[in-house]
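Now, the feature entries from TrEMBL:
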TRANSMEM  6-25  transmembrane segment
TRANSMEM  32-51  transmembrane segment
TRANSMEM  71-89  transmembrane segment
TRANSMEM  101-121  transmembrane segment
Amino acid sequence: MAGVKALLGLSFSGAIGLTFLLLGCALEQYGVYWPLFVLIFYILSPIPTFISRRLSDDTDSSSNACRELAYFLTTGIVISAFGLPVILARVNTIQWGACGLVMTGNAVIFLTILGFFVVFGGGDDFSWEQW
């Protein structure tokens, strides 16, 4: 039952993050949909971690090069997602208010993705086959 509550909480926070992103695009005073390109970063951010967990050996407790490379790539993707709205606002493609809403949505979405990995990533008692 704890897995269902966690999944419900993560889906709720993901919906709030996407709401901030869409408000930054669809409000009448902003009205530009260029910030939706951060959705690409939302999709790309967990992929290096999924690949490294599949390829790495969990028996070694020391640092793993594959896992460290995945963390580095994920960090670059997350920083790019925060940098894109700032650059769009600096070149006057979007307004600064839209940039703030998109940055808030980024923070909520990436914390949701991190929460997913914390809740469902480490435990051996949870399996996706039970869904």
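Glycine is no exception: its Cβ is also placed from the backbone N, Cα and C atoms.
Between the transmembrane segment (32-51) and the listed ranges 6-25, 71-89, 101-121, the one holding the most Cβ pairs under 8 Å is 71-89. Taking Cβ pairs closer than 8 Å, the transmembrane segment (6-25) reaches residues 31-36, 38-39, 85, 94, 97-102, 104-109, 111-112, 115-116, 119-120 in its own chain, all 6 or more past its ends. Remote same-chain partners of the transmembrane segment (101-121), defined as residues 6 or more beyond its termini with a Cβ less than 8 Å from a stretch Cβ, comprise 3, 6, 9-10, 13-14, 16-21, 23-25, 27, 35, 38, 42, 45-46, 49, 53, 78, 81-82, 85-86, 94.
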